[in-house]
Amino acid sequence: MTETAEGRQRSRLALLGAGVMGETVLSGLVRAGWDPTDLVATDRRPERVAELEAAYGITMTTNVDAVAGASTVVLVVKPQDMRGLLSEIAPTLDAEALVVSLAAGVDTATLEAGLPAGQPVVRVMANTPAQVDEGMAAVAAGSSATPDHLERVRDILSATGRVEVVPEGYLDAVTAISGSGPAYLFFVVEAMIEAGVHLGLPRDLSTELVVQTMLGSAKLLRESGEHPTVLRERVTSPGGTTAAALRELEDHKVRAAFLSAMEAARDRSQALAAAARDQQAHR
Ligand SMILES: NC(=O)C1=CN([C@@H]2O[C@H](COP(=O)(O)OP(=O)(O)OC[C@H]3O[C@@H](n4cnc5c(N)ncnc54)[C@H](O)[C@@H]3O)[C@@H](O)[C@H]2O)C=CC1
Ligand SMILES: O=C(O)[C@@H]1CCC=N1
């Protein structure tokens, strides 16, 4: 902890693993007004270290130096890299430090097993729209995390979007829906742009039409508060063009495909959890 000019207690946050999601969190904190001198980050790729130092003026250091004196330690490495990282930082962590993991499928019990007894842990599933302050994150407390710890994580994440506190048992499903979700929507966008090109539109125009339609539809859904079925029905004139298109989507079992896709993502999250537990048990 350091003192600000106003005398307010200020905490140092260390972020370990500054890839796509790590940069998403770091850049959000900087946009939200965190002083870069309260942030420290690490990455094992030297080129990534140089990029982030140049972009945000954040001190980049080693994992062990980063956690020394940090009151919040945010872990944003791949699930497969978590065990090594935990064993590297465990001896240096402040006993009071809150450990926040953004890794898919690594449960709090596995994280706790790799850390000193009693270390507070919070698990998060975030998503990349946080890069434009429209993120969706869900958080779950480990066995030693208090409501204040959850509040600290909520403060960090609410700078870049919405946050829900959930039972940990929901997180595999959350991963399948909002964690991976942006990729499904980008996939739909890609498919619609290609279809526009197939129908004879210039690619730039097709892209503009699809992106604005996606954005406008999401905004209408949020601002109207209407159920998506009602909004879909309002577009679907009897015997019209939309009905013809939706019939094709039903014939091609797109709804069932979405269900299977999200079951597969949920299953993969569970498999990553099992692998992480196994790795931890055999360390
Ligand atoms: N990309 C996404 O949309 C989302 C990712 N996540 C989770 O975030 C985590 C990171 O994912 P991405 O950022 O996409 O991966 P990434 O591969 O872009 O970033 C991981 C970074 O960690 C670094 N790293 C690995 N081991 C390290 C170590 N021991 N010390 C320091 N740095 C180390 C790598 O060099 C890399 O830059 C994963 O666990 C993933 O499940 C969660 C939600 C969404
Ligand atoms: O694909 C993944 O495993 C990560 C977790 C959620 C989004 N990306």
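Placed from the backbone N, Cα and C atoms, the Cβ positions cover glycine too.
Summarising the annotation, TrEMBL assigns NADP(+) binding site to Leu16, Gly17, Ala18, Gly19, Val20, Met21. The annotation NADPH binding site is assigned in TrEMBL to Asn63. The domain 'Pyrroline-5-carboxylate reductase catalytic N-terminal' annotation in TrEMBL covers 12-105. The feature domain 'Pyrroline-5-carboxylate reductase dimerisation' is assigned by TrEMBL to 168-271.
Here the features listed in TrEMBL are placed on the structure.
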residue	record	Cβ neighbours (10 Å)
Leu16	NADP(+) binding site	25
Gly17	NADP(+) binding site	23
Ala18	NADP(+) binding site	26
Gly19	NADP(+) binding site	14
Val20	NADP(+) binding site	9
Met21	NADP(+) binding site	24
Asn63	NADPH binding site	21
**OP:** Could you tell me which three-state DSSP class Leu16 (NADP(+) binding site) falls into?
**Re:** strand
**OP:** Taking helix as H, G and I and strand as E and B in DSSP, count the residues of the domain 'Pyrroline-5-carboxylate reductase dimerisation' (168-271) in helix, strand and coil.
**Re:** 89 helix, 0 strand, 15 coil
Original post:
Neighbourhood of the NADP(+) site (Leu16, Gly17, Ala18, Gly19, Val20, Met21): other residues with Cβ within 8 Å of the Cβ centroid, in order?
Top reply: Leu15, Gly22, Glu23, Val25, Asp43, Val76, Val77
**OP:** Restricting attention to the domain 'Pyrroline-5-carboxylate reductase catalytic N-terminal' (12-105), give the mean pLDDT.
**Re:** 96
Original post:
Which binding-site residues from the set Leu16, Ala18, Gly19, Met21 come within 10 angstroms of Asn63 (NADPH binding site), judged by C-alpha positions?
Top reply: Leu16
